[in-house]
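Undergrad: One structure, as structure tokens, below. Some questions next.
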Amino acid sequence: VHWTAEEKQLITGLWGKVNVDECGAEALARLLIVYPWTQRFFASFGNLATASAITGNAMVHAHGKKVLTSFGEAVKNLDNIKNTFAQLSELHCDKLHVDPENFKLLGDILIIVLAAHFGKDFTPDCQAAWKKLVRVVAHALARKYH
């Protein structure tokens, strides 16, 4: 994947402002609410029966932070995303059996969360760069499935 200097700047510039705890929790909660079938991968998280139960669930918050923290590794390693996510791809494929389509869904949700949090700073060019990034990350996570 080739990144232009502008794309790199748009991604890293916005990432520096992201509250990983808040945005991570919100992104995972939105995934579980908007795409309820994804809840089956989080059965050990307890009550996910309602939107308020999901948004108030400490395990959802903790895992959302973990997911977004790991996403930060992509931002730090834009030129080596495949290798950065090799172990996570293996884990999600071989042990967790996560449908790789869910990585794309989470990427789409992350775009919505970033747009909501950053408003005017999340310009169309910024959105395009982030859309490219979430697709590259989703592809890297799905790599072991192919």
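Going from the start of the chain as shown, residues are counted 1 onward.
From the backbone N, Cα and C atoms, a Cβ is placed for every residue, glycine too.
As annotated in Swiss-Prot:
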- His63, His92: heme b binding site (BINDING)
- 2-146: domain 'Globin' (DOMAIN)
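Could you place these features in context, so I can see how deep they sit and what lies close by?
TA: Under the three-state DSSP scheme, His63 (heme b binding site) falls in the helix class.
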Undergrad: Based on DSSP, tally up the residues of the domain 'Globin' (2-146) by helix, strand and coil.
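TA: Helix, strand and coil residues of the domain 'Globin' (2-146) number 119 helix, 0 strand, 26 coil.
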Undergrad: When you measure from the Cβ of His63 (heme b binding site), how many other Cβ atoms are you left with inside 10 Å?
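TA: Step by step: centre on the Cβ of His63 (heme b binding site), count other Cβ atoms within 10 Å, giving 16.
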